[in-house]
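Just below is one structure, and these are the notes that go with it.
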Amino acid sequence: MHEVSIVEEIINTVEEICNLNNISNVSKIILSVGEFVYLDKKSVDFIFGLLKKDTLCKNAILEIKESKAMAYCEKCRENFKISFTEKNCPTCKTYSSNIVSGYETILEQIEGE
């Protein structure tokens, strides 16, 4: 269950950033997750609820946004949406292995005071 390690890393990273910026109370954390990253959101919410106790995140809500998987076409010089099974440019039909998003997990925003 890799959700536990992901939530632990989120909390640790948020606490480091908050300590550097004199933030003592986190109210919201926004996480952007690529659509090719398997993450059970219910498990993440549950684990976050357990692990945030006694941390700067104890009052925080965790919002998870999904970012679309995209590739770049060298021929057309444009980004386009892809799926697990379809990675051809919709304009020129050329296959692209240049995936620019979809596998990332990004700590996008921390709200607090």
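Placed from the backbone N, Cα and C atoms, the Cβ positions cover glycine too.
Note that TrEMBL annotation is computational and uncurated.
When other Cβ atoms within 10 Å of the Cβ of HIS2 (Ni(2+) binding site) are tallied across all protein chains shown, the result is 11. Annotation source TrEMBL lists Ni(2+) binding site at HIS2.
Per TrEMBL, the feature Zn(2+) binding site maps to CYS73, CYS76, CYS89, CYS92. Under a cutoff of 8 A between CB atoms, and with a sequence separation of 6+ in the same chain, the neighbours of CYS89 (Zn(2+) binding site) are ALA71, CYS73, LYS75, CYS76, GLU78, PHE80, TYR95, SER96.
According to DSSP, HIS2 (Ni(2+) binding site) sits within a helical segment.
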